Amino acid sequence: MLYRLLSCVTRKATASAFYRLPALIMKPQVYFVLGGPGAGKGTQCAKIVEKYGYTHLSAGDLLRAERGRPGSEFGELIENYIRDGKIVPVEITISLLQRAMEETMKSNEENNKFLIDGFPRNEDNLQGWNRTMDGKADVKSVLFFDCCNEVCIDRCLERGKSSGRSDDNRESLLKRIQTYVQSTKPIIELYEKQGKVHTIDASKTVDDVFAHVQKIFDKEG
Ligand code: UDP
Ligand code: MG
């Protein structure tokens, strides 16, 4: 009787260990996608998704969705941060990113290739990621869409005519650019020192920028 019980427990334990094994192997493989507001991160991510089968997670889009979710306790806080071009505390952003990655991999663990767009934007974001995701996801590298502030501002103002975004106006944009220069650039430089950054000239046309992007993904997968 005892033997039967033990062997049953062992079989169960082994089965569940096997069940968990793929989760250990199939860790999320992540590209961080960074660049100023309007640099073309979202546009290029959509093209990468189409050609290379990645899942695009825009931190900004996730925050906007949370802001609009009925009953969200963070809605007002998120709106205030976004309008001021400031960066939302990482606990909120990371829980949204984590949930989105889990949801994506829940249906098929092989869906583990992610583009995380617009994150990490500052030291708080980076520390939060390292704290929470250390050992749970691999950051393959950073795609840095490099574009001068003037072009970024013009593109966002153009987008603002139809985007309905509360931060695509000149006042918010100047704050967003300031945040980008003061807080995000140092994060890109940090990854650069680790040899992890692909810098892409993002002031060109969408197709020319994507031609450069393809060279990276054709090599790295
Ligand atoms: N944001 C944030 N944390 C993030 C990503 C975005 O706080 O990790 C906020 C921030 O206020 C930013 C805004 O969301 O200015 C819009 O971000 P998004 O990436 O959508 O803007 P984009 O750079 O694509 O124009
Ligand atoms: Mg975007």
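Quick reminder: no glycine exception, Cβ is built from N, Cα and C everywhere.
No curator has checked TrEMBL annotations; they are predicted automatically.
Per TrEMBL, the features are as follows:
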BINDING   G38, A39, G40, K41, G42, T43, R159, K204  ATP binding site
REGION    58-88  region 'NMPbind'
BINDING   R64, K86, I87, V88, G118, F119, P120, R121, R165, R176  ribonucleoside 5'-phosphate binding site
BINDING   N125  CMP binding site
REGION    158-168  region 'LID'
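Annotated features taken from TrEMBL, shown on the structure.
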{"residue": "G38", "record": "ATP binding site", "Cβ contacts under 8 Å, 6 or more apart": "C147, V151, C152, I153, D154, R155, C156, R159"}
{"residue": "A39", "record": "ATP binding site", "Cβ contacts under 8 Å, 6 or more apart": "F145, D146, C147, C152, A202"}
{"residue": "K41", "record": "ATP binding site", "Cβ contacts under 8 Å, 6 or more apart": "V33, L34, G35, S58, D117, G118, F145"}
{"residue": "G42", "record": "ATP binding site", "Cβ contacts under 8 Å, 6 or more apart": "H56, S58, D61, D117"}
{"residue": "T43", "record": "ATP binding site", "Cβ contacts under 8 Å, 6 or more apart": "V206"}
{"residue": "R64", "record": "ribonucleoside 5'-phosphate binding site", "Cβ contacts under 8 Å, 6 or more apart": "I78, I82"}
{"residue": "I87", "record": "ribonucleoside 5'-phosphate binding site", "Cβ contacts under 8 Å, 6 or more apart": "Y81, R121, N122, D124, N125, T179, S183"}
{"residue": "R165", "record": "ribonucleoside 5'-phosphate binding site", "Cβ contacts under 8 Å, 6 or more apart": "R159"}
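With respect to ligand 2, the binding-site residues G38, T43, N125, R165, K204 contribute no residue with a C-beta closer than 6 angstroms to one of its atoms.
Distance from the CA of G40 (ATP binding site) to the CA of P120 (ribonucleoside 5'-phosphate binding site) is 16 Å. Residue counts for the region 'NMPbind' (58-88) under DSSP, helix first, then strand, then coil, are 19 helix, 1 strand, 11 coil.
Taking DSSP states H, G and I as helix and E and B as strand, the region 'LID' (158-168) has 6 helix, 0 strand, 5 coil.
Ligand 1 lies under 6 Å from the Cβ of I87, G118, out of the binding-site residues I87, G118, R165, K204. Around K204 (ATP binding site), taking its Cβ as the centre, 14 other Cβ atoms fall within 10 Å, counting all chains. The C-beta environment of G40 (ATP binding site), restricted to residues of the same chain at least 6 apart in sequence and closer than 8 Å, consists of F145, C147, R155, A202, V206, V209.
For the binding site of ATP, formed by G38, A39, G40, K41, G42, T43, R159, K204 according to the record, the largest Cα to Cα distance is 17 Å, rounded to a whole number. In this entry, R64, K86, I87, V88, G118, F119, P120, R121, R165, R176 make up the residues listed for ribonucleoside 5'-phosphate, with the farthest two CA atoms of the set 21 Å from each other.
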